[in-house]
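Q: Submitted below is the structure of interest, expressed as structure tokens.
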Amino acid sequence: MIVNDDFLAHTLRYPEQSDVLDFAFPSGRARVEGAGILSLEPEVKRSNVSLVLSVGIHGNETGPIELANGIVKSILAGDLVLGVRLLFIIGNPRAAIQAQRFCDVNLNRLFCGSWQSQQGYEAQRAQQLESSVKAFFDAPEAVASQKFHYDLHTAIRGSVHEKFAVHPFVPEEIYQQCQLAFLAACGIEAVLFSHQPTTTFSYHSFALHNAQAFTIELGKVRAFGENDLSSFVRMERALTELLVAGELIQDSLSDLSLYKVVDSLTKDHESYQLNIADNLENFTPFKQGFCLAESLVQRYLVEQTGDAIVFPNSKLPVGQRAGLVVRAKPMSAFNFQ
Ligand SMILES: O=C(O)CCC(=O)N[C@@H](CCC(=O)O)C(=O)O
Ligand SMILES: [Zn+2]
């Protein structure tokens, strides 16, 4: 089996690959650790960054897969010189082939060991991804480097802010200004600050590996070949600069909209429903007292005018997250270092 420069094509061709494959590329050495998992070690010594770049954790979120695969292709072909350590992950190859969000269960709820109480393809996949990330961040080469994980997604709905990021829950509430300035340079318009730990992939890398880690939403879900790659140019430029020069390019924070997550909605009963239109956009605000969700168990009333919903979804099993309620905050409400 030979890996050519197109790792996406390789992954879709061999979605069940379990063999490890080592090969050289013009600026370093590569290892396919399993289906959709490619680690790249640059030739340059003392790389100052170890970056996990994951895409397609949800199989049908193809825009980020095409974007990141294009950059990795340029590195493998020798058109870009890799300057940092990279673990490139195409998260859910089986679901990507089926053009589905997932096969058995939502992969992005199975990290931090949650896969242990689940069965099926995604449970096995979460275990495999956790161990690849651990090996990557625990490697001796990572010791002196900064650890980053950017987990790229696209949203099911349209959004008032087309591109936005989810910041992991940080108990001490002190945030890294240079990461937010990097997100701004990537073309991110809004950041949500989580209010509690989760079992998402990015939270896992933050909590277990002390990485600066974010879920990044780059627009709306579209099929392979239907993405407008020109909408990713700022993200592409910022990632390329990071991969080649090890630099987080910076943009002013002044255009970023900041939100605190105030509640996580949970589907608490089969009768659970969200009282919103199917085409309502993420970040649409509500009036105080609006009954946003209800079931035979309870009702959720909006606490404050302006509170908005992100990721609303009630077509999921009881017990799962049905959306995040967020509240806009001024920059002065946050502490940065
Ligand atoms: O649009 C949606 O409803 C889902 C888009 C998506 O997959 N978002 C991530 C966010 C993860 C996080 O909260 O950090 C997810 O739901 O897994
Ligand atoms: Zn997703």
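Glycine is treated like the rest: Cβ placed from N, Cα and C.
Bear in mind that TrEMBL entries carry predicted annotations, made automatically and left uncurated.
Feature list, courtesy of TrEMBL:
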type: DOMAIN; residues: 50-242; note: domain 'Succinylglutamate desuccinylase/Aspartoacylase catalytic'
type: BINDING; residues: HIS58, GLU61, HIS153; note: Zn(2+) binding site
type: ACT_SITE; residues: GLU217; note: active site
type: DOMAIN; residues: 255-328; note: domain 'AstE/AspA barrel-sandwich hybrid'
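A description of the local structural setting of each listed feature is requested, covering burial, neighbours and distances.
A: Other Cβ atoms within 10 Å of the Cβ of HIS58 (Zn(2+) binding site) number 23 in total over all chains. Look at HIS58 (Zn(2+) binding site): DSSP puts it in coil.
Counting only residues at least six positions away in the same chain, the Cβ atoms of HIS153, THR154, ALA155, SER159, LYS163, PHE164, ALA165, VAL166 sit under 8 Å from the Cβ of GLU217 (active site).
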Q: Suppose you look only at the domain 'Succinylglutamate desuccinylase/Aspartoacylase catalytic' (50-242); what would the mean pLDDT be?
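A: Across the residues of the domain 'Succinylglutamate desuccinylase/Aspartoacylase catalytic' (50-242) the model's pLDDT averages 98 on the 0 to 100 scale.
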Q: Reported in the order helix, strand, coil, what are the DSSP residue counts of the domain 'AstE/AspA barrel-sandwich hybrid' (255-328)?
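A: Helix, strand and coil residues of the domain 'AstE/AspA barrel-sandwich hybrid' (255-328) number 1 helix, 33 strand, 40 coil.
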Q: Cβ-Cβ under 8 Å from GLU61 (Zn(2+) binding site), same chain, 6 or more residues apart: which ones?
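A: Expected: VAL55, ARG101, LEU152, HIS153, THR154, VAL221.
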